């Protein structure tokens, strides 16, 4: 089989979901709307958490990091996919493919760890409320966030470098929305079975350890909530936790399908649908899930938007009536 010099050649061709869709124009509009929703909702949530001092607590600090990760994750993939479709040009250079893979792995890995830390935050808040600001003091919060970013970055660098060192065949069509390990290894002209096994084992560990922490945290939370004397406190705890569990379910479900299920259960169509789910749909829904059911966030949003609208009105009035 012939090889092609991926470092000097024209790179890869991303055969994403838009190319294979029966109604690509409609799907392009839907993805565009979801992307704009992800940008707006995550951007607003970040703004509110940053500006409103009442939200300067560990729970919202971690939520702000989740919004930042979602904002970056969807922006790594979606704009290129949409522009490629509009220009009818789906090429991506070797370096661009490696960069996209690194960023996607880093942001996905960081979110994986962050969701476990967010579960721990809820556990401390509900099960040990009197010691909450001791266990979740600012230094601990920053350490959690730094750990998530650093471990995910190191893991992404190793995966990306090892994956991209394989020789690739002349057929350079990646039947996927973005450059990821499983579809890219299908183009390798070398035995990748050991590496695929390593990716599977490390993927299981990297997903199951944080997921186990999430399950353990919420098992303890549920036990505590069921023994709460106050119905109001019980309801507030359940609403907060159900929002987080919804996000956890969406993230880990998609990640498990992509990196844990055996290759026999994969197909380009299923993989593309899954990739759209975790790169476009989930980032758009996460801030809505957290904010719409959270009175503190909604009230803070009204205060911040009201303040900016008032400032804008005052500026316009001063301009028109000097």
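Cβ from N, Cα, C; glycine included.
Annotated range for transmembrane segment in TrEMBL, selecting from 273-292, 293-312: 273-292.
Given the ranges 3-21, 60-78, the record in TrEMBL names 60-78 as transmembrane segment.
Counting only same-chain residues 6+ beyond the ends of the transmembrane segment (24-48), those with a CB under 8 A from a CB of the stretch are 17-18, 55, 63-64, 67-68, 70-71, 74-75, 78-79, 81-82, 85-86, 276, 280-281, 283-284, 286-288, 290-291, 297, 300-301, 304. A Cβ distance under 8 Å defines the sequence-distant neighbours of the transmembrane segment (273-292), meaning residues of its chain 6+ beyond its ends; these are 17, 31, 34-35, 37-38, 41-42, 44-45, 63, 66-67, 70-71, 73-74, 76-78, 104, 108, 176-178, 180, 243-244, 246-247, 250-251, 254-255, 257-258, 298, 301.
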